[in-house]
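Worksheet for the structure shown next.
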């Protein structure tokens, strides 16, 4: 079976190939209800159509952008006085083609609604200006300031909150057209598309007619009506389960789309939901952000936009005052800026693109595909048994007719009997085809994803929840994931002296111990060479918005008594090069006051990098002196000293330059070192325990950070990550040969001073060369390739950029490593829960098939009626899935090694349990069938056949009830441990037993049962309970281990894992 499943029902958990998706679809057969079974499967035809539409739209946008570029070249040529003819005539023509024609602003007449609202520009005209990059029309409206006046907004104060609803009524909402959610009755309709249920419904209607004619009213209609009511019960229970799942996925989808945007409103900077953005909002953009709506650039530095999502072009575009147009859906590759929102929702370029696309759905998960394969195999076997049973029953019936010489005599009773035989065969198919197997995966994943969302982990892709259970390695960032991300300046080295910083009020030993000029330089660098901002909160107190490192420096500057407004007013910022993970520094150029051509450059960043850029230093007397080798050695010792105390180290340097030609570039050398700052970022509570849990679970934790190697090693030791492995720096890692990498990669526990490319390279090697299942954390834009490459990409919810989140499979909302371990725990729970459910359902399948077939061959009748079999089907399908597929994880899951990539899904342990329980149940039920009357002493005046069949039915159900309890743990003897903590399981057990009592005692007319005495109830329950004893005996039978071991290359010395390493 495993070989067949691997060949036909195997897909990659991430980005599966279309050929693999088509292969398993073509291999599926014996499907009772395609609408329901494939509801959570990607529609490849729709997806192909959507992709074609997207490409056509991208081509149109790309052509339009090229035309606009050509127009700008003509305009620039005209401005330089080249090509006067083109400047007078051609530009107008090109502009007309790109923009709105000769009408200018007159092309759009203000509607009464817009005029009454007090706005001076129509929504469509506003959208057209940005979409068409219409510089001509923008100039007619007097630029960005004119547009701001037209939409009644101050570029400094932003939108007034009370005005938001008013703007939404005129300019629209920032939402794209979405499919209407499916109602409950649509799920009912889907459930009723089951072919076997439709056949049964038809049979039951015929049965009602025949029954009334032969047995009269109302007795004749009981059998048929009983089947109809059972079908309706199955349909409604199934529909309720599916509908609840859809609501869970809807909530998760809503959470995925809810992005927080930094805006200026009511005169202060604040966060709002992307759905609450309105025309006129002032949005703050930084590296890694996705542009939330169409708009115009107001101010900023070095803004580089990636428009490939719209145009398909990989070349980034510079946005500034000359090219101020920003399109929704594009991403910020570098720099930062403020923008004015001019159109939202479906009026944006991205909105129009989204509006035309019809998504084909998410890719199915490997478990869903594999269980479709299992369902196909069992379905074929069940279909064969059903045909054999029908043939045996019909043959016996015809043989008896021939023996009694009545083959030519046919009555309605004969027709009714043949109809019952057919119904029995259909019922066997209903029970034998485990339609619920693939859907149980969806149920389990939906439950796990909902729980994880409550535990601060947002799962973006279904397969990630599954794959995380197989993770054998986690490559984690340091800052914010292992540490608290609440940073404070702890020490500073300045003027050749180290100072410990205390946060008490009024303490400022620094100012008294260094020169006033040096102190002023330090404050200027802190307040100006930053991408963060100090704003006033609602309570009037200062609030810092920005990265934790920047915030720590600004808090330090405020502690020293500095004022950001003073420096920003005195020194005009000329050029900024923002920090990113490749440059590892931030540079700034300001003009010195006095109107001279004098400038000052500041640079801060990774200590080793900044020190290399410096050739001078501020000495103990506050004078700038040449940096000699002895001083460089002592500075390196200071940096290493700070780092060994687990402090993040930053260096701050400056350089004064002259000449107007220097204002276009920031120098890269000959700086003067001002200070070394040591920033404290404590390890998060619970991280050490979480790392220990990973090691016990056979998951290797590797720290990959851009920090100093000594800082990284100190934190890694504190967390329990760095034990007997090695710590390496990114440059060393990059310079290793493939043979050297093969030897050292398994031993790497810390990688410091790494680039995003190093992380990507490490992940690729671990996956391809060492067959590891790798989870990777990331927060920056440049982490996107590694997040995409990894088996599970984990983006940080607080520190992570939108680009990182878009490329991730899971968003860790609290940036906490313990949350990542919780995702792994739930991933393992999903896999184990599905195995439990499969074990339980296959046992019911085997018993039901064999019991019905042997009974039909020997006695000529099936022991269970159609209604009884439908009830059994519901117990093992929908209710069984609810009970077993939604059990929460327990601590024992993290005491075993991860599930291998090629591990068998139906293990030897499962086969042992399935075969053992099946043999016990089949023997017991067959003994009851053929010797039950004597054993139970059912001699009485009434017909004992119905009584015996009722006992068999009751015993069969209680065997399944106790076997469901057995299935809670496939290896442990104590299956009751933690049962009460799973309220869904307890509820399902309670409902099953109550309904069983109701069916047996009170619904006999419909279910073909008779009320049982207390003694027979006790006998049924006790026979079922013996399943618990059988399970204990089975678990004592040793089973050869079938644990999958990764094939290691020569020289791969596997690290110890599990409790030994912990």
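Please read every residue number as a count from 1 along the shown chain.
Backbone N, Cα and C define each Cβ position, glycine as well.
According to TrEMBL:
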| type | residues | note |
| --- | --- | --- |
| DOMAIN | 138-212 | domain 'Cation-transporting P-type ATPase N-terminal' |
| TRANSMEM | 195-214 | transmembrane segment |
| TRANSMEM | 220-240 | transmembrane segment |
| TRANSMEM | 377-399 | transmembrane segment |
| TRANSMEM | 419-448 | transmembrane segment |
| TRANSMEM | 842-862 | transmembrane segment |
| TRANSMEM | 944-962 | transmembrane segment |
| TRANSMEM | 983-1004 | transmembrane segment |
| TRANSMEM | 1016-1034 | transmembrane segment |
Between the transmembrane segment (944-962) and the transmembrane segment (1016-1034), are there at least three Cβ pairs closer than 8 Å, leaving out pairs fewer than 6 positions apart? yes
Whether the transmembrane segment (377-399) meets the transmembrane segment (220-240): three or more C-beta pairs under 8 angstroms: no
At an 8 Å Cβ cut-off, counting only pairs 6 or more apart in sequence, do the transmembrane segment (842-862) and the transmembrane segment (983-1004) clear the bar of 3 or more pairs? no
Counting each residue once, how many in the domain 'Cation-transporting P-type ATPase N-terminal' (138-212) are helix, strand and coil under DSSP? 48 helix, 3 strand, 24 coil
State the mean pLDDT for the domain 'Cation-transporting P-type ATPase N-terminal' (138-212). 83
Intrachain neighbours beyond the transmembrane segment (419-448), with Cβ under 8 angstroms and 6 or more residues off its ends: 30-33, 36-37, 40, 194, 196-197, 199-200, 203-204, 206-207, 210, 227, 241-242, 245, 248-249, 365, 367-369, 371-372, 374-375, 378-379, 381-383, 385-387, 389-390, 393-394, 397, 459, 462, 465-466, 826-827, 829-830, 833-834, 837-838, 841-842, 844-845, 848-849, 852, 856, 862, 866, 869-870, 872-873, 876-878, 880-882, 885-886
